[in-house]
Amino acid sequence: MGMASKQLLVLLPCLALLFVAAAAAAGAAPLSTYIVHLAPDHPALSLSPARGGRNALLAPLLGLPRHLSAPRPRLVYTYARAATGVAARLTEAQAAHVAAQPGVLAVHRDEARQLHTTHTPEFLRLSSAAGLLPAASGAVSDVVVGVLDTGIYPLNRGSFKPAGDGLGPPPSSFSGGCVSAAAFNASAYCNSKLVGAKFFYKGYEAGLGHPINENLESKSPLDTEGHGTHTASTAAGSPVDGAGFYNYARGRAVGMAPTARIAAYKICWKSGCYDSDILAAFDEAVGDGVNVISLSVGSSGYASAFYEDSIAIGAFGAVKKGIVVSASAGNSGPGEYTASNIAPWILTVAASSIDREFPADAILGDGSVYGGVSLYAGDPLNSTKLPVVYAADCGSRLCGRGELDKDKVAGKIVLCERGGNARVAKGAAVQEAGGIGMILANTEESGEELIADSHLIPATMVGQKFGDKIRQYVTTDPSPTATIVFHGTVIGKSPSAPRVAAFSSRGPNYRAAEILKPDVTAPGVNILAAWTGEASPTDLEIDPRRVPFNIISGTSMSCPHVSGLAALLRQAHPDWSPAAVKSALMTTAYNLDNSGEIIKDLATGSQSTPFVRGAGHVDPNSALNPGLVYDADTADYIGFLCALGYTPSQIAVFTRDGSVADCSKKPARSGDLNYPAFAAVFSSYKDSVTYHRVVSNVGGDPKAVYEAKVESPAGVDAKVTPAKLVFDEEHRSLAYEITLAVAGNPVIVDGKYSFGSVTWSDGVHNVTSPIAVTWPESAGAASM
């Protein structure tokens, strides 16, 4: 049970007395509909709206005393699958009393909601009435988003069909198309929405040492994994009403740029994504004329040097042609220096949560209730609590397949620990050993990060703190029992959102310490989008299910959100460079969650930092009109490589013209790249660094005046010169410098990093850049 629910249970008995007194004074109180979540053995679950006498029985079954039994409560629904409980017409006083009764898990007033999407557009405040979406509408269909992934599954998928009256022919600037293969009929599958579908496999086959086994995967653009279908529909899928994963997250599914075109480039296969294939796809996409490239692929270890990184190289070539490249930061968190795709010309995206949860409580025999999450869609557990055992006492704390003792597991709920194998596979291992259900507990590595999975048996995931408490109960109680209660889909402010996922890879930048990475964070936890018909929702062979939509998590999911937003910005501002698009998204990002506090890090439960969330969470409507932008082109990036100390032969990988890069005018340091963030690395406690920046006025007032406000990092004196920028018709771009110096007697909280920001404001726009400082003890990352 969440904190809000616990507080409700504490407060409502007191409130009930006030409501009763008010009702007595004002006459009968009105009835409203409330959703009452109940433990599975609650007697009210025996009621059915179809059975007579149900209303007369409801009040006593809910524990209402005689003085609160009028007006008579009325049963609306009984929930037994996606949720366990009832919907009932109650007065406010009755609801308050019911909430305090045993077996009542939570009480929520039923609210009228509008038809909504997979919810991330709403969470991002994208609306057809105002902001970025209408500003980019009308001609947004001229933008093509190239998705480099596992291909696409267009069969009977509304996400890849033109909506409404259609989109008309592809833009003349796009010269790509669809490639037919045995399993992919281009003429039948492609249209004015899906304008490109190609596949790249030669590097993969070379790595295999033999041709692709087409009994196992499709040698075509067809997606047999699901990942590419999910990312493509997230970025630019057409609206689909009635979407959902079984009964979870039901509503309208729609991509960020719903009228943009999609071109799919299949680069990933069962055993991975080969650099040669990736680079070939980049090359093809640039030649085809896409406007945005979305790439949810990257390294799983430390990032390679840029000149050895095919993604960095391919992205450089794309950016040179004016293409925005958005890429995932990776899922190797929460360790430091784990971010991938960290070249400054790439828009690097971290992953965070939204305000939608799929709660499933673990209820123990001692009455304790511990909140978790689940997408289990089968029959719920019966009302009787079952014996529960700790997997470590049954052969495998990680619940490895074939490693659990059937004699100890049969007929029981098993407490498994996260890590080592797939989360859903743990439940399958429990099932094979005869177990009935699973409680999956996080360890310290994942902290309080909760990922909802479509489990094959009744199961829930809990955070580390709850997991520790459940483990203590199971290992010390002589006869431990438990059950699991599923609550369906809940949207609200508890827990707070966004929160950065523990799996989301982090900085500092392993290859360029003075370039802050990741750049931004975006929705990437429990995201609903289209799915392939060729694979199960869990991607496990033991799972026979097939679904049109699936809910999954990862920076792979956050990346296409930003790719779609970049497509909208590109259409709204066709003259902006890729760097300007990135700048707009970074400098307008927000850093407070919906409770008004700094965005949390799910790995620690504490405030996140710019090395975790980047410049903040994307705010697309603000990005439409950022006021100022930090622009850069490939010449600036070459200067950056020179400042890193790259040799002419290494830089030639990017220039590709056979000439020797001229590094004679290189900037003093790599951090002098005109980037919308600052990351200083102090070499001593007497250090001082100065960075130079140029900002361009893209706001509506050509004579705008901006003043700087600096929040100095702990232990640092930060000074901006000049502190005021006065623009006019002739001076649309102005320079400033910021000096970061060690304060007299610095006090550093954690001894490693400190953070601040600089904000330029004209009273209308707030253009904010984060400042990160690495202190000498932790300054040791590679520079090349």
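Residue 1 is the first one shown; counting continues down the chain.
Cβ from N, Cα, C; glycine included.
Curation plays no part in TrEMBL annotations; they are all automatic predictions.
These features come from TrEMBL:
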- 1-24: signal peptide (SIGNAL)
- 33-116: domain 'Inhibitor I9' (DOMAIN)
- 142-593: domain 'Peptidase S8/S53' (DOMAIN)
- Asp149: active site, charge relay system (ACT_SITE)
- 215-236: region 'Disordered' (REGION)
- 216-228: compositional bias 'Basic and acidic residues' (COMPBIAS)
- His227: active site, charge relay system (ACT_SITE)
- 386-470: domain 'PA' (DOMAIN)
- Ser556: active site, charge relay system (ACT_SITE)
- 672-773: domain 'Subtilisin-like protease fibronectin type-III' (DOMAIN)
Worksheet item: What average pLDDT is reported by the model for the domain 'Inhibitor I9' (33-116)?
Response: 72
Practice prompt. Select the most exposed residue of Asp149, His227, Ser556, where exposure means the fewest other Cβ atoms within 10 Å, treating these as the active-site residues.
Written response: His227
Discussion item. Can you give me the Cα-Cα distance between Asp149 (active site, charge relay system) and His227 (active site, charge relay system) in Å, rounded to a whole number?
Written reply: 7
Worksheet item: Between His227 (active site, charge relay system) and Ser556 (active site, charge relay system), what C-alpha distance do you get in Å?
Response: 8
Worksheet entry | Secondary structure content of the domain 'PA' (386-470), with strand meaning DSSP E or B | 25 helix, 19 strand, 41 coil
